[in-house]
């Protein structure tokens, strides 16, 4: 169909990813050493596993960068079907594993996989495939706009049964980005936002405590030992770091003050040890990735490539914004991992897989301009 | 709008800028937290991480004027609990409550407390040896023994009300312990370290050690030897007279230093909780206010001499009363002292004579002197709980109030005010501010780090007037009512006082406060000593300052002057009354009086007649010797009782 222009991948994406990955492995070790020594008698418990996952993820990335992304169009319906199946199975009591109050894992012990992480990427592939075919139909409410939205909301509904608010937010964000990039009417998107706002208002009217919970992030010191605890501990970490940081390995908040410091709050420990300069540098690397990701989308040889690259980059961008937003107390607490830095096998391998796809699209880019 | 590649590309670029803008916003937020908010967050985080173990300083000792240790801190074992280490809270609380005799609920609450460390107060503070052994035997996890300071008193109860007591946290509660708590307490130190969220020490972070600074030693002006003389005399007086209260003060008039201060009842400071609150919490010598009686006449005399209203050689006739505003105020001596010099007025403590002096001064001048001598306001002694005393407000002083004030009735004063006022006479007319502390010493080296300088409050009378008053008071001791304080060669000067105690606006029958205030040697006084005995109950029924309080002051002055090595003087006024040269007095007519009236008359006669009662009944029917007979002062008069009142001629009284 298309002339395969074999050229080098976007090296900036590759290097930025590898640098972030390396920082991630180091920070997971630093942040988790106290906790894992306490829990498992092994300071390297999480670090060793993270290295294994990173190696697996880099392998998947290399592989995907060499598989023509157009072949994903054929896989797309199966990927979507598989993710709905997994999202349903994980809810079955006794099959799914409940950790921290969320029935989100399949498999045994620490090597469980998270169906929602898989569904996120699979959904982006399927929606890119669907919208690339839809063309002008995307501007029709019933035949182009609502079907992909309904599919995404069905997945969100299943995920909210676990429940996992963070993954739901990311999926909604990525879907909106895809719909916008595909050319959906701005009026439809505003209508979606309005409907969301009304639904939210109804939910709040039904139970006012929800509003209190959401606004509590504005002043976490109202309840420093309860809902505000994590955010306050996170801010203590960032504040202690100051401009230059306490130095790698010298975090104090990792001494059991900040719960689960290797996952959702690894960025707080990074800010404490490496200071504002280190934390801002990491955000800058993510900004570079977002830039190169959308550049890849703009230069992709076809609509599917554009939408796929925009969707994958959208997942990455939304996760960075939500995670750092929570860690800095800028938005209400939502559990989302920071790509490449947080501990977690599913998150890491699937994100690297996504980067692999991105690299393949960049290899087929049309000439710059 | 048509969906074209161009439109998709524009939208992708738009998305890129939106997301980059959001990331830029997060970097700004990060800068706010990590740079602007950082100092505040760091302060809070430090408080979160740091754990402080307090280190208690040693409380300073209290020494007497010669360096003898009156109070020091000895360490004693106390029970502390680290709640995080106590697994079985109920069992631990029950066993501790048992040994320490504390309520179970209270111990349980302590053991459950979410703190680093807790003292098991009050039962577990400074425990006894057998409790210590029991706690050790229980061997409870999380329960520890620490050494805590406990006040020890090498001189026992000596000067207890001056020293005061300390509470469970070594804080001064009364007396010098409270007044100088800041100096005695010292500065607590601490060990600060960083801990993880479970309270375990964070590795790799140094600890901060601030050593405690021990409290300063406080050196009193109290002289342990003189204090012992005083307390011995109080004990004797209590044994003989069974009074309600006794107060005694010895002062150095030249500096205002208090050399001794004691009261009965007192208490044992090592076991102060066992005493009633008013005993350990009140120092009667500075707190109690009462009518001074005749000792106050010294003030009237000083004022009159200073103002030139009297010459001690002037004559005065006392008919036994003085008429003021149409009322007759009687002299304490029935029948009066007759014609006498004003020096005799002082010697005899003659009330009409002093009323006359008060009238000559007028109320404005008299009250001006009373206030100048320090009455009606606190002396400012460095002890807590001083009383003010009460004076008539000047606008409410009529002739009657002026008259009673001039001989010491209708005013209310504290013992320390009287001592300082007479001290001014002893000190050539300069009123001093009293103090019980003279220096502060470094606890370890004993080096003086601070000294209390004598403070002159004001000049009240001239040096010449003061000398004249002293001479008159020496004469009171040598030739007048204060004879029992006479010491051969020490030239004691002084004044007696006998005041009836008013309760609910009426004078209580038979309730007197007898006092004596003396100084020696009269030419250059080294000591002022004061004793007041509240409600003495002597066997021989005579309640009079000259017989009860004067000898006590005499004994205190003799022992103290000897101890201080003050040489005996020549040139004093010789004692007038010697053996074989006794004062003869006329026996009053008691027949027909009730027994109570008769005894009071015998006391008021001024001749210190004692009575011996024979027979039973309410009325005196006969007496021996007969009325009008001259007998030596202090003789025994026999009173024969019957149930029918009679008069001399045998006619029944209606």
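Cβ coordinates come from backbone N, Cα and C, glycine included.
Those TrEMBL annotations? Automatic predictions, nothing curated.
Positions annotated as transmembrane segment by TrEMBL: A:12-31 (among others).
The transmembrane segment annotation in TrEMBL covers A:43-63 (among others).
Note on the transmembrane segment (A:75-95): residues 103-106, 115-116, 118-119, 122-123, 125-126, 128-130, 151, 154-155, 158-159, 161-162 of its chain, located 6 or more positions outside it, place their CB under 8 angstroms from a CB of the stretch. For A:75-95 (among others), the entry in TrEMBL reads transmembrane segment.
Annotated transmembrane segment per TrEMBL: A:115-132 (among others), in sequence order.
Residues annotated as transmembrane segment in TrEMBL: A:144-161 (among others). Outside the transmembrane segment (A:144-161), and at least 6 residues removed from its termini, the chain residues within Cβ reach (under 8 Å) are 80, 83-84, 87-88, 91, 103, 116, 119, 123, 126-127, 130-131, 134, 136-138, 167-168, 171-172, 175, 178-179, 184-185, 188, 192.
Taken from TrEMBL, the feature transmembrane segment covers A:167-184 (among others).
Per TrEMBL, the feature transmembrane segment maps to A:189-209 (among others). Away from its own ends, the transmembrane segment (A:189-209) comes close to residues 149, 176, 179-180 of its chain (Cβ-Cβ under 8 Å, at least six residues beyond either end).
Long-range contacts of the transmembrane segment (A:274-294) within the same chain, counting only residues at least 6 positions beyond its ends with a Cβ under 8 Å from a Cβ of the stretch, are 10, 12-13, 16-17, 19-20, 23, 238, 241-246, 248, 267, 309-310, 312-313, 316-317, 320, 324, 339, 341, 358, 362. The annotation transmembrane segment is assigned in TrEMBL to A:274-294 (among others).
Residues or ranges marked as transmembrane segment in TrEMBL: A:306-328 (among others). Residues 69, 72, 120-121, 124-125, 127-128, 131-132, 166, 169-170, 173-174, 177-178, 181-182, 231, 234-235, 238, 264-265, 267-268, 271, 283, 286, 289-290, 293-294, 296-298, 300, 334-339, 342, 351, 354-355, 357-358, 361-362 of the same chain, all 6+ positions outside the transmembrane segment (A:306-328), place their C-beta atoms under 8 angstroms from a C-beta of that stretch.
Sequence annotations record features per position, and here TrEMBL assigns transmembrane segment to A:340-361 (among others).
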